[in-house]
Amino acid sequence: MGNVCIGPRRNFAKNGLLGILRPRHAAPSSPSQPTTTSRSIPVVLPSAPSSKPPPPTQTAPPVPVVISEPPPPQPQPEPQPAAPSQPPPPQEQPSPPPPASSNTTQQPPPPQQRQQSRAKKPAHIKRISSAGLQVESVLRRKTENLKDKYSLGRKLGQGQFGTTYLCVDKANGGEYACKSIAKRKLLTDEDVEDVRREIQIMHHLAGHPNIISIRGAYEDAVAVHVVMELCAGGELFDRIVRKGHYTERQAAGLARVIVAVVESCHSLGVMHRDLKPENFLFVGNEEDAPLKTIDFGLSMFFRPGEVFTDVVGSPYYVAPEVLKKSYGQEADVWSAGVIIYILLCGVPPFWAETEQGIFEQVLHGTLDFESDPWPNVSDGAKDLLRKVLVRDPKKRLTAHEVLCHPWLQMSGSAPDKPLDSAVLSRLRQFSAMNKLKKMALRVIAENLSEEEIAGLKEMFKMMDTDNSGQINYEELKAGLERVGANMKESEIYQLMQAADIDNSGTIDYGEFIAATLHLNKVEREDHLYAAFQYFDKDGSGYITSDELQQACDEFGIEDVRLEDMIGEVDQDNDGRIDYNEFVAMMQKTTTGFGKKGGHNFSGFRDALKSHS
């Protein structure tokens, strides 16, 4: 479930508003992990404000924005206090009660405006009067018992829907974080679907160095447990509070990480929708510790051109088009721009005493580049912010264009242009694999859970425009173009041939999943062993040429040289493949043909991530 979302409240809790509203001398919070709190309710805005509010540095009060649950009552204008020339001293106040949730739909429509309608009650959910929903199964599959594999330790964080604990792997002593979501608190069908989608998205984004990695999801009668990477270094939020603001070089380095995450999400068809400093954690306490993005509770799968209407996010970071209830993935870029602004000066670009005032400033306020420390900030940084914090999303830079901006290249470590998309990179690596490895990935893909491949399923449907269950050359070409992957026709043809394992001339669903699967899946011993057993038909512990021929027949692969296939993997030259040789082949890093950019993503999948 998501963190804190826009809603009718007066309290300014740390998780809901910028940490700048806390005193800069305040002690940083303890190391945190993603928690589960409330979702959003609609924000009702006047169709036309009576007058344009002054910039934050002026003293005239902002025109209030009315926040109410629909149908909205007729608002009575209330005078607002005059905005001070600088943000007021921060105050910690209790977190607000959770607002009512907005509706979402699981199946995305064609690239048109998404209608928010209440989903029908699934058959596996029973409604009871005293406890909202009685959920029989959230994950819709039987899972292992969490406590058979992990020991739960101290509490790391608390949210509206659940609690995050330290957990230890009983097998190897590794430390992780476990977010336990209480099923009794999932009051609506949408709450249940949101939990499923968050897990699906975490699996879909797996492997990115700056996105928190998921270890697995478990379910018992009481809760859904999500085990993930432990980030013990605390929030980016707290470091901003501690520092006041970063040096320009430090800010550029963090900005690159944040925007690269946004670009990767967009290229894989995911919109985060709640980017803010609280949702970035450091792995450790070191100054140069890696930064990880967390909390995908408000995130959605999207298709190019799709329009969303539900108002979600956090007040200081929400894009103006979100408040106007018509937005797409460009809203994430606005939120990233707000974070960059804060990194450079320590205060948000649009602020006021109340949420109503904040929303009005987001819609109509003026960027302040006059107050300290802006006279000492480079023109390049200000140029980037002017191009990111532009209210017309069509004129706003994309995440890819932000990464290519000269200011983010000032340290010399910016990515080369053009960047590969996440999917294009995976496609290219897949194309360079030997046939045995491709077949093994197909076996692994067919045994993955629904939540692990849900994102890839959405991408397949996006590319399969005629709903035939097959992607032909023209559909692959159009799909790559939609996500900004500019490729020569010869390259696309090579990718097509590489993914088409059975040489049918098209890419079917199973071939697409295998080719776009992130290779972190092959790190799991159970996946590797299951794949090896598929080829080792007689259970002898070896894959022989006869067994390999049988597997090729099952996959419809003809004209193969079995000796060459075995020879590529057979390290001891005994004419067969044992389990250790098989694992070495599967875990060997593969470099795709003509690979550009610095991505370490794998296979066919990265073909869809170039210019978001």
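Backbone N, Cα and C define each Cβ position, glycine as well.
Between the stretches 228-258, 290-320, 414-444, 507-537, Swiss-Prot puts its region 'Autoinhibitory domain' entry on 414-444. Among LYS142, LYS147, LYS179, the residue that Swiss-Prot places alongside LEU156, GLY157, GLN158, GLY159, GLN160, PHE161, GLY162, THR163, THR164 at the ATP binding site is LYS179. Within the domain 'EF-hand 2' (487-522), the DSSP-based counts of helix, strand and coil residues read 23 helix, 2 strand, 11 coil. For the binding-site residues GLN158, SER504, THR506, the largest tally of other C-beta atoms within 10 A is found at THR506. The two recorded residues ASP466 (Ca(2+) 1 binding site) and GLU547 (Ca(2+) 3 binding site) have their Cα atoms spaced 37 Å from each other.
Along the region 'Autoinhibitory domain' (414-444), the predicted structure has mean pLDDT 66. Taking each Cβ in turn and tallying the other Cβ atoms within 10 Å, the top scorer among the binding-site residues GLN160, THR164, SER468, GLN470, SER540 is THR164.
In this structure, the binding-site residues ASP464, ASP466, ASP536, GLU581 were compared by how many other Cβ atoms lie within 10 Å of their Cβ, and the smallest count belongs to ASP466. Cα spacing between TYR542 (Ca(2+) 3 binding site) and ASP464 (Ca(2+) 1 binding site): 38 Å, rounded to the nearest whole number.
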